[in-house]
Amino acid sequence: MRVGIGSDVHPIEPGRPCWMAGLLFEGEDGCSGHSDGDVAAHALCDALLSAAGLGDVGAVFGTGRPEWADVSGAAMLTEVRRLLGEAGFEVVNAAVQVIGNRPKIGPRRAEAQRVLGDLLDAPVSVSGTTTDGLGLTGRGEGIAAVATALLRPRV
(Lines of atoms letter the chains of each structure in order from A and count residues from 1; the text may use other names and numbers.)
(Lines give C-alpha, C1' and ligand atoms only; values in the text may rest on other atoms or scores of the structure.)
Protein backbone atom coordinates (compact mmCIF):
# COMPACT_ATOMS: atom_id res chain seq x y z
CA MET A 1 0.00 0.00 0.00
CA ARG A 2 1.12 3.55 -0.74
CA VAL A 3 -0.20 6.78 0.82
CA GLY A 4 0.01 10.26 -0.69
CA ILE A 5 -0.97 13.75 0.31
CA GLY A 6 -1.73 16.67 -1.97
CA SER A 7 -2.84 20.27 -1.80
CA ASP A 8 -3.83 23.10 -4.09
CA VAL A 9 -4.84 26.73 -3.75
CA HIS A 10 -6.04 29.27 -6.30
CA PRO A 11 -7.21 32.88 -6.10
CA ILE A 12 -10.86 33.58 -6.79
CA GLU A 13 -11.53 35.26 -10.14
CA PRO A 14 -14.88 37.08 -10.25
CA GLY A 15 -17.03 36.00 -13.18
CA ARG A 16 -15.11 32.79 -13.86
CA PRO A 17 -17.13 29.55 -13.71
CA CYS A 18 -16.76 27.74 -10.40
CA TRP A 19 -15.68 24.14 -10.86
CA MET A 20 -15.19 22.21 -7.63
CA ALA A 21 -14.86 18.45 -7.11
CA GLY A 22 -15.84 17.90 -10.74
CA LEU A 23 -19.07 19.90 -10.40
CA LEU A 24 -20.10 23.28 -11.80
CA PHE A 25 -21.44 25.56 -9.05
CA GLU A 26 -23.72 28.00 -10.88
CA GLY A 27 -23.76 31.54 -9.52
CA GLU A 28 -20.44 31.18 -7.68
CA ASP A 29 -17.15 32.80 -8.67
CA GLY A 30 -14.51 30.29 -9.68
CA CYS A 31 -10.77 30.19 -9.32
CA SER A 32 -8.17 31.41 -11.77
CA GLY A 33 -5.55 29.02 -13.01
CA HIS A 34 -3.86 27.27 -15.92
CA SER A 35 -6.77 24.82 -16.08
CA ASP A 36 -10.31 25.04 -14.69
CA GLY A 37 -9.26 26.06 -11.16
CA ASP A 38 -10.89 23.00 -9.52
CA VAL A 39 -8.71 22.88 -6.39
CA ALA A 40 -10.40 19.71 -5.12
CA ALA A 41 -9.61 17.75 -8.29
CA HIS A 42 -6.10 19.21 -8.42
CA ALA A 43 -5.36 18.29 -4.78
CA LEU A 44 -6.58 14.75 -5.50
CA CYS A 45 -4.30 14.55 -8.54
CA ASP A 46 -1.41 15.71 -6.37
CA ALA A 47 -2.14 13.10 -3.67
CA LEU A 48 -2.45 10.28 -6.20
CA LEU A 49 0.76 11.22 -8.01
CA SER A 50 2.56 11.53 -4.66
CA ALA A 51 1.42 8.09 -3.51
CA ALA A 52 2.68 6.51 -6.73
CA GLY A 53 5.98 8.41 -6.69
CA LEU A 54 5.11 10.04 -10.02
CA GLY A 55 5.82 13.65 -9.09
CA ASP A 56 3.19 16.29 -8.55
CA VAL A 57 0.40 18.11 -10.34
CA GLY A 58 2.73 20.92 -11.43
CA ALA A 59 5.17 18.53 -13.10
CA VAL A 60 2.44 16.65 -14.97
CA PHE A 61 0.00 19.47 -15.80
CA GLY A 62 1.93 22.71 -15.13
CA THR A 63 2.09 25.91 -17.12
CA GLY A 64 4.99 24.50 -19.12
CA ARG A 65 2.53 22.00 -20.63
CA PRO A 66 0.28 24.11 -22.92
CA GLU A 67 -1.71 21.04 -23.99
CA TRP A 68 -3.22 21.03 -20.47
CA ALA A 69 -4.33 24.69 -20.52
CA ASP A 70 -8.02 25.18 -19.69
CA VAL A 71 -8.57 21.43 -19.22
CA SER A 72 -11.07 20.19 -16.64
CA GLY A 73 -10.15 18.68 -13.31
CA ALA A 74 -12.08 15.59 -14.43
CA ALA A 75 -9.78 15.22 -17.45
CA MET A 76 -6.76 15.63 -15.19
CA LEU A 77 -8.01 12.90 -12.84
CA THR A 78 -8.65 10.63 -15.82
CA GLU A 79 -5.06 11.15 -16.99
CA VAL A 80 -3.69 10.54 -13.48
CA ARG A 81 -5.67 7.30 -13.25
CA ARG A 82 -4.15 6.24 -16.59
CA LEU A 83 -0.63 7.07 -15.33
CA LEU A 84 -1.28 5.11 -12.13
CA GLY A 85 -2.33 2.09 -14.18
CA GLU A 86 0.83 2.32 -16.29
CA ALA A 87 2.87 2.43 -13.08
CA GLY A 88 1.07 -0.66 -11.75
CA PHE A 89 -1.21 0.96 -9.16
CA GLU A 90 -4.92 1.23 -8.50
CA VAL A 91 -6.77 3.55 -6.14
CA VAL A 92 -8.08 2.04 -2.89
CA ASN A 93 -9.72 5.24 -1.66
CA ALA A 94 -9.17 8.99 -1.41
CA ALA A 95 -10.41 11.97 0.57
CA VAL A 96 -10.42 15.67 -0.22
CA GLN A 97 -11.31 18.66 1.93
CA VAL A 98 -12.18 22.01 0.35
CA ILE A 99 -11.17 25.00 2.48
CA GLY A 100 -13.08 28.21 1.81
CA ASN A 101 -16.24 30.16 2.47
CA ARG A 102 -17.84 29.29 -0.88
CA PRO A 103 -19.00 27.23 -2.63
CA LYS A 104 -20.79 25.28 0.08
CA ILE A 105 -19.83 21.64 -0.37
CA GLY A 106 -22.36 20.04 2.00
CA PRO A 107 -25.47 20.33 -0.19
CA ARG A 108 -23.67 18.63 -3.11
CA ARG A 109 -21.37 16.28 -1.18
CA ALA A 110 -22.99 13.04 -2.37
CA GLU A 111 -22.92 14.23 -5.99
CA ALA A 112 -19.25 15.24 -5.72
CA GLN A 113 -18.34 11.91 -4.13
CA ARG A 114 -20.11 10.05 -6.93
CA VAL A 115 -18.47 12.06 -9.72
CA LEU A 116 -14.96 11.77 -8.26
CA GLY A 117 -15.48 8.13 -7.30
CA ASP A 118 -16.59 7.29 -10.83
CA LEU A 119 -13.52 9.01 -12.27
CA LEU A 120 -11.17 7.06 -10.00
CA ASP A 121 -13.20 3.83 -9.78
CA ALA A 122 -12.79 4.01 -6.00
CA PRO A 123 -14.53 5.58 -3.00
CA VAL A 124 -13.79 9.29 -2.57
CA SER A 125 -14.81 11.21 0.53
CA VAL A 126 -15.46 14.95 0.09
CA SER A 127 -15.73 17.50 2.89
CA GLY A 128 -15.66 21.25 3.28
CA THR A 129 -14.52 23.62 5.99
CA THR A 130 -13.78 27.29 6.57
CA THR A 131 -10.96 29.06 8.38
CA ASP A 132 -13.29 31.24 10.47
CA GLY A 133 -12.30 34.39 8.62
CA LEU A 134 -8.54 33.79 8.80
CA GLY A 135 -6.14 33.92 5.86
CA LEU A 136 -6.84 34.17 2.15
CA THR A 137 -9.64 31.61 2.25
CA GLY A 138 -11.27 33.33 5.21
CA ARG A 139 -11.15 36.70 3.49
CA GLY A 140 -12.71 35.17 0.37
CA GLU A 141 -9.61 35.78 -1.75
CA GLY A 142 -9.05 32.15 -2.64
CA ILE A 143 -9.99 28.52 -2.15
CA ALA A 144 -7.70 25.70 -1.01
CA ALA A 145 -7.96 21.94 -0.81
CA VAL A 146 -6.01 19.11 0.81
CA ALA A 147 -6.30 15.47 -0.16
CA THR A 148 -5.05 12.03 0.75
CA ALA A 149 -4.98 8.91 -1.37
CA LEU A 150 -4.32 5.24 -0.73
CA LEU A 151 -3.01 3.08 -3.58
CA ARG A 152 -2.21 -0.60 -3.89
CA PRO A 153 -0.23 -2.49 -6.48
CA ARG A 154 -2.45 -3.73 -9.27
CA VAL A 155 -2.71 -7.52 -9.30
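The backbone N, Cα and C atoms fix where each Cβ goes, and this holds for glycine too.
These features come from Swiss-Prot:
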BINDING   Asp8, Val9, His10, His34, Ser35, Asp56, Val57, Gly58, Thr129, Thr130, Thr131, Asp132, Arg139  4-CDP-2-C-methyl-D-erythritol 2-phosphate binding site
BINDING   Asp8, His10, His42  divalent metal cation binding site
SITE      His34  site 'Transition state stabilizer'
SITE      Thr130  site 'Transition state stabilizer'
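Here the features listed in Swiss-Prot are placed on the structure.
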residue: Asp8; record: 4-CDP-2-C-methyl-D-erythritol 2-phosphate binding site; CB count, 10 Å: 27
residue: His10; record: 4-CDP-2-C-methyl-D-erythritol 2-phosphate binding site; CB count, 10 Å: 22
residue: His34; record: site 'Transition state stabilizer'; CB count, 10 Å: 18
residue: Ser35; record: 4-CDP-2-C-methyl-D-erythritol 2-phosphate binding site; CB count, 10 Å: 22
residue: His42; record: divalent metal cation binding site; CB count, 10 Å: 29
residue: Val57; record: 4-CDP-2-C-methyl-D-erythritol 2-phosphate binding site; CB count, 10 Å: 24
residue: Thr129; record: 4-CDP-2-C-methyl-D-erythritol 2-phosphate binding site; CB count, 10 Å: 13
residue: Thr130; record: site 'Transition state stabilizer'; CB count, 10 Å: 14
residue: Thr131; record: 4-CDP-2-C-methyl-D-erythritol 2-phosphate binding site; CB count, 10 Å: 14
residue: Arg139; record: 4-CDP-2-C-methyl-D-erythritol 2-phosphate binding site; CB count, 10 Å: 12
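Reduced to three states, the DSSP call for His10 (4-CDP-2-C-methyl-D-erythritol 2-phosphate binding site) is strand.
Each residue contributes its Cα atom, and for Ser35 (4-CDP-2-C-methyl-D-erythritol 2-phosphate binding site) and Thr130 (site 'Transition state stabilizer') these two points are 24 Å apart. Comparing Thr131 (4-CDP-2-C-methyl-D-erythritol 2-phosphate binding site) with His34 (site 'Transition state stabilizer'), their Cα atoms are 25 Å apart once rounded. Looking only at Cα atoms, Asp8 (4-CDP-2-C-methyl-D-erythritol 2-phosphate binding site) sits nearest to His42 among the recorded positions His34, His42, Thr130. Between the CA atoms of Val57 (4-CDP-2-C-methyl-D-erythritol 2-phosphate binding site) and His34 (site 'Transition state stabilizer') there is a gap of 12 Å, rounded to the nearest whole number.
When the Cα of Thr130 (site 'Transition state stabilizer') is compared against those of the recorded positions His10, His34, His42, Arg139, the shortest separation belongs to Arg139.
Annotated pair His42 (divalent metal cation binding site) and Arg139 (4-CDP-2-C-methyl-D-erythritol 2-phosphate binding site), C-alpha to C-alpha distance, rounded: 22 Å. Taking the C-alpha positions, the distance from His10 (4-CDP-2-C-methyl-D-erythritol 2-phosphate binding site) to His34 (site 'Transition state stabilizer') comes to 10 Å.
His42 (divalent metal cation binding site) falls within a helix when secondary structure is assigned with DSSP. In this structure, His34 (site 'Transition state stabilizer') belongs to neither helix nor strand by DSSP; it is coil.
Recorded residues Thr129 (4-CDP-2-C-methyl-D-erythritol 2-phosphate binding site) and His34 (site 'Transition state stabilizer') have their alpha carbons 25 Å apart, per Cα-Cα distance.
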